[in-house]
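Have a look at the structure below, then the notes.
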Amino acid sequence: MSDEPIIYINGDYLPLSQARVSPVDQGFLLGDGVFDVVSAWKGNIFKLDAHLDRFFDSIQAARLNHDMSRDAWKEAIIETTRRNGLDDASIRFIVTRGEPKGVVADPRDFKPTCIVWVAPYIFLADEEKRRNGIRLMISATRGFPADTLDPRYKCLDRLHSQLIRLEALEAGYDDALWLDHSGHVSESAASNLFIVKNGVLYTPSAGILRGITRDTILELATELDIPWKERQLSAFDVYIADEVFTCSTAGGALPVREVAGRTIRGTTPGPITQAIDNAYWAMRETDRYATPL
Ligand SMILES: Cc1ncc(COP(=O)(O)O)c(C=O)c1O
């Protein structure tokens, strides 16, 4: 096994230093591509089918249809992870519109680039923050309106979320929530949001990426008899919540202890956050949604 990470690119498994994307690849030039991120824990990939469903929805909506079948993607994802020898891994798979065939880039005439990149499992926050909670700001920058770029596209164009993260980090926060154009809270750069109020779990209903972890949490809440609702939330709802947490493939439920200067009143992590996070990690150790490596 090579010491270097192995990348899958257009049918080849190559050491990172040998993998090349053209400087005129439309993904690089225009952010014209889509991706997804799944993770492996203790040798099992979690909910690979759900991630592939979302990836193929992004491909379909972005008109990036190409020759690689769902089974071929599955095989490339498993094989790249195996070749990297990682039991705990973050696995990113990407398709871009690739290199234009002609001199003038015509989006109908392209050769797609397909990549699988595997890294050691990434937690969005360090251990202290996973235990004691993160601090969120509310960004002044809004997400794209759905009629410009529906947030359900998991697309490469992430400049706005990078700017929002920079704004948060430079203001001394760990991450930022952004609002949609009607002033409702949507999500953060790479996570969905939940709040708990009077024993009920709430999460924004629209204007978000449909997170696989979010879906898993709703599924677990049902199993744990925790009542939940999807609805529009304002920043005020978040300020007065008993518990707040974000969630993503990069670490499950992450408690939040402060939002825009307001200390969350309940304990951090709160009992429902804790119950959900425990159930999430327990589920990952079962074979229920596991694809073994
Ligand atoms: C904008 C955004 N929202 C939410 C999420 C969480 O999605 P998932 O739970 O599928 O990782 C992500 C993940 O990268 C994201 O980029």
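Every residue, even glycine, has its Cβ placed from backbone N, Cα and C.
Automatic, uncurated: that is what TrEMBL annotation is.
TrEMBL annotates ARG158, ILE212, THR213, THR249 as pyridoxal 5'-phosphate-binding residues; of ARG54, ARG63, the candidate listed for that same site is ARG54. Taking every pair among ARG54, ARG158, ILE212, THR213, THR249, the residues listed as contacting pyridoxal 5'-phosphate, the largest Cα to Cα separation comes to 20 Å. With respect to ligand 1, the recorded positions LYS154, ARG158, THR249 contribute THR249 as residues with a C-beta closer than 6 angstroms to one of its atoms, given in sequence order.
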